[in-house]
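Pulled from TrEMBL:
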- Cys100, Cys103, Cys141, Cys144: Zn(2+) binding site (BINDING)
Amino acid sequence: MDPVVTERIGELLRAHGLRRMASRIAVLAVLESANTHLSVAEIDQRLHEYLPADEPPPDLATIYRTVTTLVDQGVLHALTLESGVTTYGLAADPHHHAVCTRCGSIIEVPAHQLSSALEHASAGSSFTLSERAGLTLHGLCPQCQGRSAQPE
């Protein structure tokens, strides 16, 4: 694994009060390189492709424990799709998610683009949103819009 990537991920883990563990570094490296949300099965598949042959990937149980810990500590966030599959992505920059109802692609929407709408909704409901508040929007991605003008 690239030492620069390992060091950057190690700093991220330390910033969240977590120890550097091989499984955490590997999972985060895969998610960072994917630049999108992945399910545990996809993380597992990519770990087999990503890690050198002499470095065995963590087993599925370890991957599940790892993503759970990283979500609990705010390093990752979990997004459960309509299909019931939970995907995981880096929680580096505050953002919301737009999920395509046709192809399942996930687009990250910067939080500042929706901040005034969330503040208005919060004020109107007397509900205080947490720092980790997030929205999941459903619709058609640009590619699927080109195939059909009708949202599902």
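Each residue, glycine too, has its Cβ placed from N, Cα and C.
Note that the structure is a prediction, hence the values are computed from the model and not measured.
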Out of these binding-site residues, Cys100, Cys103, Cys141, Cys144, which one has the fewest other C-beta atoms within 10 Å of its own C-beta?
Cys103
Given the Zn(2+) site residues Cys100, Cys103, Cys141, Cys144, which other residues of that chain have a Cβ within 8 Å of the mean position of their Cβ atoms, reported in sequence order?
Thr101, Arg102, Gly104, Ser105, Leu140, Pro142, Gln143, Gln145
